[in-house]
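What TrEMBL says about this protein:
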type	residues	note
BINDING	Asn152, Lys153, Cys154, Asp155, Gly204, Ser205, Ser206, Gly207, Val208, Gly209, Lys210, Ser211, Thr212	GTP binding site
BINDING	Cys285, Cys290, His292, Cys298	Zn(2+) binding site
DOMAIN	104-262	domain 'CP-type G'
DOMAIN	113-260	domain 'EngC GTPase'
Amino acid sequence: MSNLLTDFGWNDQWAAAFAPHAAAGYAPARVVCELRRKFYAVQDETKEWLGECRGGFFHRHAQTSDFPAVGDWVAISHRSDDDRVDIHAVLPRRTKFSRRAAGEEQIEQVVAANIDAVLLVSGLDRNYNPARIQRFLVAARESGAEPVIVLNKCDVHPDPAAVQREVQALVPGVRVLLTSTVRRQGLKPLRELARPGVTLALLGSSGVGKSTLANALSNDDFLPTGEVREKDSKGRHTTTRRELVRAPGGALLIDTPGLRELQLWDVEDGVAEAFADIVELARQCRFTDCRHQNEPGCAVRTALESGALAAERYAHYVKLTQEHNLKPVARKTARTVANQPGWRKKAFEPKRGGRRITSDD
Ligand SMILES: Nc1nc2c(ncn2[C@@H]2O[C@H](COP(=O)(O)OP(=O)(O)OP(=O)(O)O)[C@@H](O)[C@H]2O)c(=O)[nH]1
Ligand SMILES: [Zn+2]
């Protein structure tokens with residue numbers, strides 16, 4: 001198979017998975033961007049195409065999660081009369097990050113697929129946040145991607161090795177890397193991780209150094225900004241944003257709004273912290289899954305009725321959870337954190353005992 005496909009992560013395993021589609025006359029391509037529903041920018045062995053899921057695809061695939069996502073390998077065919085391609089199938093994903101869309105049915109939306117390793121970047125100019133690291137690990141494990149913790153800006157910390165040990169103790173078995181792009185320290189293990197064809201995602205708060213690290217993955221300058229494709233064969237103008245880009249060092253970086261949005265740890269931590277009283281009340285409701293509406297023995301309603309909890313405060317809390325699509329906190333969700341299938345349900349994990357390092361990072 002051509003180098004271009006290999007550049008985008010194609011290998012023998014994918015080729016094996018693709019065999020039935022090859023037999024059906026389809027060609028492989030990788031989704032580099034979701035443009036809008038049904039339309040995708042896909043990279044094949046020659047170039048980037050506008051790919052579309054048409055009728056047949058809809059008939060065969062009922063669920064939202066069956067549709068292509070950035071990072072997916074798909075089976076395409078070329079149209080004879082058009083510069084577009086049809087997408088017929090999505091190869092089984094090795095890993096996936098999903099979000100659960102609003103509503104009771106919890107529709108799964110895949111926001112990125114086939115990420116090999118996901119890096120949580122923290123900046124040592126601020127305190128790292130153990131709760132966030134734990135949540136990140138839950139999300140990463142659920143996705144199947146290898147989690148890696150990157151403690152960047154070690155140049156500004158008096159004792160970065162101590163922080164590394166501390167974090168490592170929190171997450172046994174997970175790689176914890178110490179880096180400084182300024183001093184160009186600790187980049188070697190990162191570059192080894194970012195081998196050609198490997199797909200990575202960098203997560204972390206704004207300003208921790210994700211773009212700088214991405215640049216440092218190779219010695220060349222690298223700008224993970226969108227590309228603009230000017231025209232296609234029929235003279236139409238198509239502008240393609242790329243959410244999967246190839247770093248000059250050869251690794252593939254996925255950065256999608258959906259993936260960033262998954263970092264609800266900020267919001268969840270923030271809401272749970274700001275409304276710790278409500279979280280605490282919810283833990284006293286009779287029913288483990290109390291929604292604090294008409295359930296008997298609801299500690300939240302009781303507190304509202306007695307005036308112990310101000311109505312405006314509760315209304316504010318409800319508004320915030322709805323805005324961010326968080327589940328109402330309940331004893332069940334507050335307790336069995338580690339066993340919940342959906343990590344979003346971990347929104348109100350109570351802070352356990354012991355030392356807590358608080359900060360916005
Ligand atoms: N001292 C120090 N500063 C760094 C290091 N890495 C990055 N920075 C600086 O931190 C700032 C933010 O870096 P970015 O790479 O833009 O951070 P980012 O995570 O991509 O931020 P967003 O694009 O907002 O998500 C820049 O001024 C960098 O020069 C480092 O290792 N040490
Ligand atoms: Zn209740």
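Every residue number used here counts from 1 along the chain in the order it is shown.
Cβ coordinates come from backbone N, Cα and C, glycine included.
Across the residues the record lists as binding GTP (Asn152, Lys153, Cys154, Asp155, Gly204, Ser205, Ser206, Gly207, Val208, Gly209, Lys210, Ser211, Thr212), the two Cα atoms farthest apart are 18 Å from each other.
Least packed by the Cβ count within 10 Å, out of the binding-site residues Val208, Cys298, is Cys298.
Here the candidates are the binding-site residues Cys154, Gly204, Val208, Lys210, Thr212. The one whose C-alpha lies nearest to that of Cys298 (Zn(2+) binding site) is Gly204. With DSSP classes pooled into helix, strand and coil, the tally for the domain 'EngC GTPase' (113-260) is 46 helix, 32 strand, 70 coil. All chains included, 22 other C-beta atoms sit within 10 angstroms of the C-beta of Gly204 (GTP binding site). A Cβ within 8 Å of the Cβ centre of Cys285, Cys290, His292, Cys298, the residues given for Zn(2+), is found for these other residues of the same chain: Ala282, Arg286, Phe287, Arg291, Gln293, Glu295, Gly297, Ala299, Val300, Arg301, Ala330. Taking Lys210, Thr212, Cys285 as the candidate binding-site residues, the subset whose CB lies under 6 angstroms from any atom of ligand 1 consists of Lys210, Thr212.
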